[in-house]
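**Student:** For reference, the structure I am asking about is given below.
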Amino acid sequence: MLSLVQKIIGSRNERFIKKVSRIVQKINSLEPEFEKLSDEQLKAKTFEYRERLANGEILDNLLPEAFATVREAGKRTKNMRHYDVQLIGGIVLHQGKVAEMRTGEGKTLVATLPAYLNALTGDGVHVITVNDYLAKRDAELMSDIYEFLGMSVGVIVADLNPQQRKEAYACDITYGTNNEFGFDYLRDNMAYEKEQQVQRSRNYVIIDEVDSILIDEARTPLIISGASDDRSEMYNLFNRLVPYLEKQEKEEVENEQEQRDFYVDEKSKNAYLTEKGYAKIENMLKKEGILEEDDNLYSPHNITKMHYLNACLRAHSLYQLNIDYIVRDQEIVIIDESTGRAMPGRRWSDGLHQAIEAKEGVKINAENQTMASITFQNFFKLYNKIAGMTGTADTEAFELHSIYGLEVIIIPTNKPMIRKDHHDEIYGSVREKFDAIVEDIKERISKGQPVLVGTASIEASEVLSTLLKKKKIRHNVLNAKQHEKEASIIAMAGYPDNVTIATNMAGRGTDIILGGNLEVEIAQLEDPTPEDIAQIKAEWLKRNEAVKKAGGLCIIGSERHDSRRIDNQLRGRAARQGDPGESKFYLSMDDNLLRIFASQRMAERVKKGLKGGESLAFGFMSKVISKAQGKVESYHFDIRKNLLEYDNVVNTQRKVIYEQRQSFLEAEDVSDILADIRIDVAEQLFHDYVPAGSMHELWDLEGLEKALKSDFMIELDLQKLYEEDDSLGEEDLKRLVREAIEIEFVEKTKNLDSGAVRQFEKFSLLQSLDTHWREHLSSIDHLRNSINLRGYAQKDPKNEYKKEAFELFSTMLDNFKYEVISSLAKIRIATEEETQRAQQEWQESMSDIKAEHESVIDNNQRHDEDEQEEAPKVKQVRREGPKVKRNDPCPCGSGKKYKQCHSKVE
């Protein structure tokens, strides 16, 4: 019934395309009129549109004219005319949806339409790409169009200094990577002066390869961190011991003879010790003198040893060189499992990166303490409007809609797609599969057909390369090790009988043109004459026709990826813009996807039925593969959804802290803010010793006096005052405490330089808030890692997490207020000698903070070494008395730690 209705009225997607086609007709009707405009008249349109917006007109009304303007500018500056389907794509993006456009349909050009329209508001447009190369390339390619129309274009890449970043963000349209935009947001919320912040408002963002960024990278939060204590000796110790542990094939074994020391869960990438393994590692640690004879690993004080052990166990059993990471310049570089790209600067958390460094014998860098973090899911939700482009979003439409509220619209191709997709061939072993791939390649290049082979890992690409070399078949390899040659290798991939082996092609961003890339060939000529160019074109046309006759580009997949979307991205490299093309996947029952997620019984039956070199290639196996991929996609979706649910708790807190911090940063004078905080602190302190509504017998006035003296340098004899006038009630005493704190502060600052005091107050607020937020993030991490254990007590871990995270947050805010008022209460007029010493201490403290920020920026390759900041000239202030640390005995004499007594204001 549903299919019948769809045949009559069309699918939702078809109805949408039909609806926006009317807008396209309107844009097309304007084309003759805009063609008659002079360059100056066309350029003046930008000013006209901005005036109309200022007078109350909305962007939707301007769309047909604005798009017609961009199309005409494209024709005049780039000799590129936007197709009708590209106009549809632009409308979809403007409406805050995801446009699924096939490879070769010109997504880069499409983005110019909504980018120009939305930049007319003056609030800026961000265009996100997956790497620096594409950000620079796309900005350079399209800058002629934007600049012709009076729009400024900026690019954010890794090696820019803060001033260059600020200028790029101030442009009408800014290109850059998701990482750069995210890290700049975090760094802006760590700045100590408004001028240090580089970003402005987050208005409208267009995300290229939106599925890769919002889905594949959603599980990896952006983290800015500083180094903690060095524990390299512990990693080296466990790295030496772990290889002695034997792997058990599965979690449950039938008899003791099969039991080994540990087993792995490849789905979750975790490794677990068995009881036998615990006993074995305990004995080894006792021999090493790390554990006492009567000690055991289960003891609470050995939890850190378990941390090192688990990290090293995972490093040895689950993470492989040239598959999950490579070693480059004596550093571990992670490989993106979705794109096959190296990701320098990224590090695994939970000690895993250090464990892999120990395993590979490179320098072990200290574990980091989180200073600021955010997931891409929550970062992009900060924008007023999100839009995205990709070649393969339809399979992830549900997730994009449920998490981001993004609707996926499939854009028709400009020309019919005529790619031939062959059935998968499945072999019994990996070796048989690779042999079959080599034979297929040999046959195809004999007729002049170019071949692109997609592999899931560097290791697979190198194995295949070795086999091709033995057969003397010329080929190029593109993986994380050869990323510098990427553009030139892809430019050659469409040549007749050319063979290219590449790890996952997602995000490569360069079209493979049949016969080779003509523009690249012409660009390589030095001072070419018209005759030279004509000859190159003639040769290219011959090659182009020859490749088409041979069947176009053939895509060979060496295995299925966990996600159908990644397979579709690989397939999508063939048959662009109506060209012919083919695709075929080769699998073996030993491939990770089938080995981990397909049923074991089915795998055994297939292997048993296949003789050496034989393969299966028919319908039911496609269903098996599709079912296995569906399991993986569902599993990963649940992980991402779970991550978001937990991160939303921290995200709410992050918004509160960052908004509060920004108000501190922007305020010229924070004295009113501090006055309000002093009132809160006085009330909190008072009720710590005088419970609200309690009888006099429960009052601890002596303890309150001690706290006032030790934390606020205030001598106030409350007991004497009460004895002299027993009519004093709770409210009267509270008022006395509040007034004493206020008067003491006014008295101590009235003779100080007001500018220096204001500066010191602002810095104290920012530094104290940062310190407490950082400690809070660490506490939240510990809570998150242990909260699932609540399930054993029949409690919902998520609800428990929300409740305890809120309690931690409330306590953190109280502690922040208390500490900042306490520190400001300990300033006094200093002697000249003390002034010089105070200035030196101040500069050292500022240096520590800057070094902390520098270490973070260095970790992410974003530091401008030439930039030097002048230390604030605060000469008249210094702390009186030593600072009480959180774990020191509380000065009030209670016998408790400070953090459990006066640091904690309920």
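From the backbone N, Cα and C atoms, a Cβ is placed for every residue, glycine too.
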**Student:** In Swiss-Prot, Gln86, Gly104, Glu105, Gly106, Lys107, Thr108 are given as binding ATP, so which of Asp511, Asp527, Asp532 is in that site too?
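**Tutor:** Given Gln86, Gly104, Glu105, Gly106, Lys107, Thr108 bind ATP in Swiss-Prot, the matching entry from Asp511, Asp527, Asp532 is Asp511.
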**Student:** What other residues of this chain sit with their CB within 8 A of the center of the CB atoms of Gln86, Gly104, Glu105, Gly106, Lys107, Thr108, Asp511, the recorded ATP site?
**Tutor:** Met101, Thr103, Leu109, Val110
**Student:** Please report the number of other Cβ atoms within 10 Å of the Cβ of Glu105 (ATP binding site).
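**Tutor:** The Cβ of Glu105 (ATP binding site) has 25 Cβ neighbours within 10 Å.
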**Student:** Taking only the residues the record lists as binding ATP, namely Gln86, Gly104, Glu105, Gly106, Lys107, Thr108, Asp511, what is the largest Cα to Cα distance between any two of them, in Å to the nearest whole number?
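**Tutor:** Among the residues the record ties to ATP, max Cα distance equals 17 Å.
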**Student:** Let me know the most crowded of the binding-site residues, choosing from Gly104, Gly106 and counting other Cβ atoms within 10 Å.
**Tutor:** Gly104
